[in-house]
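What follows is a short report on a single structure.
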Amino acid sequence: MNAKMLIRADATRDIGTGHVMRCLALAHSWKKQGGEIAWVTHCDTKKILERIRQNDSKVYELSRHSSLKETIDIIDAESPDCVVLDGYQFDTAYQKGISECGIKLLVIDDYVHLDKYYADIILNQNFGADKFKYNALPQTKFLLGTDYVMLRSDFFNYRGYKKEIKNKAENILVTMGGSDAENHTAKMLDALNLLDVSLCIKVPIGANNPHLNSVKAIADKSKHNIEIIYDSQDMPVLMQWADVAISAGGTTTWELLFMGVPSVLCITTDNQENIVNSLNREGMVMSLGWIVQNNYLDIVSILQKLIANKSLREELNNRCQAIVDGMGTERVVEALWQ
């Protein structure tokens, strides 16, 4: 079936790359089923645009201050079978305007932040989302919870993978999102330098991250063996390597859970708060809470506990790997084909 999907999502230093990255996962599965893709996007960096274009997709580039009318004009020109909106800037009025085009609309949401939703399908892939109450249209269909986590195709070869938990944790992955505008990576590396054990640390830095040089400077002075990896194209391999991960509570969270990596999460934005707190309550991750409220000693205390305790890492591994099966993207595509 040669149906066309139009994706409206942005990637900037302010909002990060998560919206585009999970839509890339959706786009890959859609094309695998024989569909076509058109993107309408504003991106800060060429690297992200290159990733989008790797899928042989048509791309419409917008300015930062583009209007709803510009998107509607593109929809009229492309005549897609469905439209996907992923971004907190797409408010009730924006959704209503798109829905009035008369085309199936999927809205990807994370934390029920709007008073009203105009969508044929609402997708919220977060843990506990099945308990959320949306004020939506009578005909709206809901795809809620971790059954619908959209992992990129890079992870598909790891379905059924079971992580080995070592007696000694010494490989640490630090991943604070695709942009990390506040440079929380630096704070984590400074905290890790206070640990008495010897560690190997890998730090993937996203293409939208403006702090590459300052992170490199910290790594050069560290007593640990730190490798900085710019615009990593192989996150599954890094997660397979890691004994422990330190991460922001964004879209990388679900990749870490799928790979069974014992993880310490921190909250860097409002939309991550419910995700991190819920997973921590269920014993699937350890939480640092809001990163801005943590001092170095708080971070060191939690990391020491996880690194030293194999049983705790085994518990986290068993619980987290049970909730993300890697089939979510296919389930979303199936719902859209219907």
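Count begins at 1; order follows the chain as displayed.
Positions of Cβ are set from backbone N, Cα and C atoms, glycine also.
Annotation comment: TrEMBL describes H19 as active site, proton acceptor. Using a 10 Å radius centred on the Cβ of H19 (active site, proton acceptor) and all shown protein chains, the other Cβ atoms total 27.
TrEMBL lists R152, E255 with the feature substrate binding site. For the recorded site, E255 (substrate binding site), the DSSP three-state label reads helix.
The domain 'Glycosyl transferase family 28 C-terminal' feature in TrEMBL is assigned to 172-306. DSSP labels the residues of the domain 'Glycosyl transferase family 28 C-terminal' (172-306) in these numbers: 60 helix, 31 strand, 44 coil.
Counting other C-beta atoms within 10 Å of each candidate's C-beta, the binding-site residues R152, E255 are led by E255. When the Cα atoms are compared, R152 (substrate binding site) and H19 (active site, proton acceptor) turn out to be 12 Å apart. Separation of the C-alpha atoms of E255 (substrate binding site) and H19 (active site, proton acceptor): 14 Å, rounded to the nearest whole number.
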